[in-house]
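As given in Swiss-Prot:
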BINDING   S25, G26, G27, L28, D29, S30  ATP binding site
Amino acid sequence: MDLLQQLQNQLNQFPSHTKLLLGFSGGLDSTVLLSLLAKLRKKQPHLSLRAIHIHHGLSQNADNWAIHCRQICQQLDISFLCEKVTINPRKGIEADAREARYQAIANHLQDNEILVTAHHQQDQTETFLLALKRGSGLQGLGAMQIQSVVFNLPIFRPLLHCTRQQLEQYAKTEKLSWIEDESNADNRYDRNFLRNDILPKLRQRWQHIDKAIQRSAQHCFEQQQLINELLNDEFNKIYDKFDRTLSIANFATYSILKQKALLRTWLQHLHILMPSTIQLDNIMRNMIQAQEDRNPTCKLGNQVLRRYQKRLYATPILQDLSHIRLDIQANECINLPDNLGEICLLTKNEHLQVTWQDKQILLPLTQEKIEIRFRYSGKVKLPQGFHQEMKKCWQDHNVPIWQRTRIPLIFYGDTFKSAVGFFDNFE
């Protein structure tokens, strides 16, 4: 079966309204896939096809590559996008380029559109061996699948079972032109080291090693899927879909292996970077097994894991707002820091109506200066007439510690009046 027919058969499995966005680097692999998709579109004019080129700016030839890709798409009458990204070398060029690439693509992906990439069988071999080098478990060794979700992006890899030789033969027959990235010869990058030095020797010794590794990757993927299936009922009992938290109240009744598997399942649900073995052991020791009065944290990528009242939470890295004071007047709206949204104070029926997010309260009018703060450690007078520590008020309202400094506090002068939407001070 030729490449075009294989691609046709795979696309037939998708709903007819599915749109395609091809990741187009201009290299051999994506050029072949672009050609195949363009041919299919001639047979199926309703097929929605666009191409996106990510300009990493890492090569002096990057501008020329973008021009080349645009010209190829113009020749084929394919809608073309080019997105420039900035790479942070301190995070590792390969890893950061990949993350930046997917983020840029996510900004352009439309409803009912999937990302199509030109990964082939040899790419799968490299991905498997790199995962092995990192000490990955089944999840990582499952490598790439024809259909998957990465960074919340639906991805389709129609060439995954094709060899590099098949793509080269197609390109030669069709007289395609493509670019050669000079960095592919740089063995400082792990993938290039495998591709240029190690894998040729392995293939010389074992001719079918790529197929064998692809089978192993598929076995690992299927075993991981089975584990997920077996854990599904238990996971759904302890996972709160509303606030995306995980209950660890009954974790002590599970084996350590099951605890770790449930943690990984939760992190996978949230699309959070999988922890290393050391990180997972730290989470187990410092978060799961910590004393109940502790509120430990653990940073994973750009997320922070937190524990409060026998539940695990995942939050972004939060800005410290404890020192911030914001002046505000009646009939004024201001934006709060760190993406907390807008807060408005409006006079209404001899009261001050405060609106923030989905919360709304009424306070008495005042001639004093009105200020918004995010920290108060004094006492609060309750409606019943007695006083209570601010910490106890937060606890009574089940507000986790890290959220307490993210709720706007209204002050009249230096007098605390209200934690908006939670409780007031009746002093």
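Residue positions begin at 1 at the first shown residue.
A Cβ is built for glycine as well, from the same backbone N, Cα and C atoms used for every other residue.
Note that the structure is a prediction, hence the values are computed from the model and not measured.
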Check each residue in the chain of G26 (ATP binding site) that is at least six apart in sequence and keep those whose C-beta is under 8 Å from its C-beta; list them in sequence order. H53, W65, H68, C69, I72, W178, I179
All chains considered, the count of other Cβ atoms within 10 Å of the Cβ of D29 (ATP binding site) is 21
Note the Cβ centroid of S25, G26, G27, L28, D29, S30, the recorded ATP site, then list each other residue of that chain whose Cβ lies within 8 Å of it, in sequence. F24, T31, V32, A118, W178, I179
According to DSSP, collapsed to three classes, what secondary structure does G27 (ATP binding site) have? coil
Let me make sure I understand the structure: which of the binding-site residues listed (S25, S30) has the fewest other Cβ atoms within 10 A of its Cβ? S25
Chain-internal residues, separated by at least six, CB under 8 A from G27 (ATP binding site): W178, I179, E180, D181
